Amino acid sequence: MKVDGTHYRSLWWDAKKDALQIIDQRWLPHEFRTQSVVTLQDFADAIIQMRVRGAPLIGATAAYGMALAMFIDPSDAHMAQAWEFLHNTRPTAINLRWALNRCQTALLPLPVADRAGAALALAHDIANEDVEINRQIGLNGLNLIQDIAAKKPSGEPVRLLTHCNAGWIATVDWGTATSPMYHAHNAGIALHIWVDETRPRNQDALTSWELGSHGIAHTYITDNAGGHLMQHGQVDMVITGTDRTTRRGDVCNKIGTYLKALAAHDNGVPFYVALPSPTIDWTVADGVADIPIKDRGEREITYVMGRNNAGQITEVQVTPDGTHGGNPAFDVTPNRLVSGLITERGICDASEAGLTAMFPDLSG
Ligand SMILES: CSC[C@H]1O[C@H](OP(=O)(O)O)[C@H](O)[C@@H]1O
């Protein structure tokens, strides 16, 4: 999407530098910094340190990491080592495993001399496919927004709530949860987006940056305000992203999503999840029981990063010395709380029947 009028993807290949370029999201929303990703350690650091983040973007980044690994050493053994090294960075988002498995399946049958070029071409394909998948999710989600807008007085905004950043910078472009918003805005539909701060990394400061850059009205709220707004009829629909959705439609997403879904269910507010097919984990049914949720460590929650009055990006401690933090990074919303899944092929029920009917070729 656009940054100060210039179109960007969240990652791109620089043929002159012969290296992947990324937006280093740690400095957003205050500074727009890009960097080259040159070594395999750079790739791992980019994912672990959340320089790149968001399930689809993590997957695309790992595909380029595998391409680098093949340029270094295209042997079967090194491919397996690179698979493990990259997978161990942030394994909750299933797109990482999906992308690495897709690379391995495509590359293993090839002569080793052909693997490096094929791996880079595949990484480009994965990135380009992500853009089109998200564009289609946007068009399918637009129908939901249009239905809401049609029931409102002309010009009255459709009020959406989103949690965490499932925006264009969480993907290669368009975003998943934000893609319907961009399509609706581009179609002239008035919107107002409630943007949950999403502690502890405050990813919705990134969503605010995205929406502001695109001219979409939004209000940044605390994570705990969403239920109140829904109780008072201030939310027409909730749309979130997902890091891993199970074959029966349980949704693993950023911590706090489950609480939004409970509030939406209690107040009769539609709760939709934007779901690209690479984010479906067909090997798991019960998300609560079978998706491991990693604690990302206490420093993310006992400190907060921001820009001080001198314009410097810094972090400050918000808890007393000696107070320990608990920081589960994701939670799982059971499918019973999900109104529907907005995929690139259409909108389906959050159920095994719904997903297997939509993706008979993928469900196994
Ligand atoms: C389009 S996937 C976005 C998904 O990823 C985010 O997690 P993180 O920022 O930790 O990578 C969050 O769960 C979003 O919903």
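For all residues, glycine too, the Cβ spot is worked out from N, Cα and C.
Please treat TrEMBL annotations as automatic predictions, because they have not gone through curation.
What TrEMBL annotates here:
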{"type": "BINDING", "residues": "Arg53, Gly54, Ala55, Arg90, Gln203, Asn253, Lys254", "note": "substrate binding site"}
{"type": "SITE", "residues": "Cys164", "note": "site 'Transition state stabilizer'"}
{"type": "ACT_SITE", "residues": "Asp243", "note": "active site, proton donor"}
* Asked: Looking only at Arg53, Gly54, Ala55, Arg90, Gln203, Asn253, Lys254, the residues listed as binding substrate, what is the longest Cα to Cα distance in Å?
  -> 16
* Determine the Cβ neighbour count for Arg53 (substrate binding site): the number of other Cβ atoms within 10 Å of its Cβ. => 23
* **Extra residues within 8 Å (Cβ to Cβ centroid of Arg53, Gly54, Ala55, Arg90, Gln203, Asn253, Lys254), substrate** => Ile58, Ala93, Cys164, Asn165, Ala166, Ala170, Gly241, Asp243
* Asked: Between Asn253 (substrate binding site) and the residue listed as 'active site, proton donor', what is the CA-CA distance rounded to a whole number of Å?
  -> 5
* Could you tell me which of these binding-site residues, Arg90, Lys254, has the greatest number of Cβ atoms within 10 Å of its own Cβ? => Lys254
* From the recorded positions listed here (Arg90, Cys164, Asp243, Lys254), select those whose CB sits under 6 A from an atom of ligand 1. => Cys164, Asp243, Lys254
* Hey, how far is Lys254 (substrate binding site) from Asp243 (active site, proton donor), Cα to Cα, in Å? -> 8
* Structure fact -> Taking only the CA atoms, the spacing between Ala55 (substrate binding site) and Asp243 (active site, proton donor), expressed in whole angstrom, is 5
* Structure fact -> Spatial hits near the residue listed as 'active site, proton donor' (Cα distance within 10 Å) out of the recorded positions Arg90, Cys164, Gln203 come to none
* Long-range same-chain neighbours of Gln203 (substrate binding site), Cβ under 8 Å, sequence gap at least 6? -> Arg53, Cys164, Asn165, Ala170, Lys254
* Structure fact -> Counting Cβ atoms within 10 Å of each Cβ, the densest environment among the recorded positions Ala55, Cys164 belongs to Cys164
